[in-house]
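Participant: Submitted below is the structure of interest, expressed as structure tokens.
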Amino acid sequence: MRRVLITGFEPFGGERINPSWEVVKQMNDLMMGGVRIVARQLPCAFGEALTALNTAIDDVQPVLVLAIGQAGGRADITIERVAINVDDARIPDNLGNQPVDQPIIQEGPAAYFTRLPIKAMVQGIREAGIPASVSQTAGTYVCNHVMYGLLHRLNQFNNEVKGGFIHIPYLPEQAVDHPGAPSMSAQSVLVALELAISIALQIEHDLHITGGPVH
């Protein structure tokens, strides 16, 4: 049976919950068109997150890996285009580490592009009435760290496996502690992630449509 690995993070930065795990854990053991979804939680910690991710990939042997993370302040489901080879942490991770201008992989390439049909995914999610867009930066915190490490692994050892990263907004119960911050319901995020998986499994060549910002 084919499997999809989807990951979410533990809470960080003083939050009580992390929306990525709150939604992703609901997808564990879900069957979609003969494909089994396996959900795993990652620690919000440099190095440790990649160790946990690589262990999960070894255990699950997925055909697709989707890493999901919180992007408080964003209003859309944002599908990341690129990961860069640098850790530059504005705040410490959950183990107290705060790397500044450190490469994720020594002698690794400057960046990796996603292995997902991101524009087709955005289009499909929007057609379901859920805000979505292509993002040009995954930041330089643990989310980018995981995306870069994932794509490095897939490019080096699992070239047939698709993979990438999706950022999601705060849940409403988080946004009440951040006046003015946008949020999205867990149900809408769940629908968006199910669509993302379905489209990623079906589409081999991405749509040739615009998705970039002006600035």
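Any Cβ shown, glycine's included, is placed from N, Cα and C.
Note that this is a predicted model, so its numbers are computed, not measured.
Not my notes, these are from Swiss-Prot:
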- GLU80: active site (ACT_SITE)
- CYS143: active site (ACT_SITE)
- HIS167: active site (ACT_SITE)
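Are these features on the surface or tucked inside, and what touches them?
Facilitator: Neighbour list (GLU80 (active site), Cβ cut-off 8 Å, at least 6 residues apart, same chain): THR114, ILE118, SER135, THR137, ALA138, MET147, GLY164, PHE165, ILE166, HIS167.
Its Cβ taken as reference, CYS143 (active site) is surrounded by 25 other Cβ atoms within 10 Å in the chains shown.
Taking all protein chains in view, 24 other C-beta atoms sit within 10 angstroms of the C-beta of HIS167 (active site).
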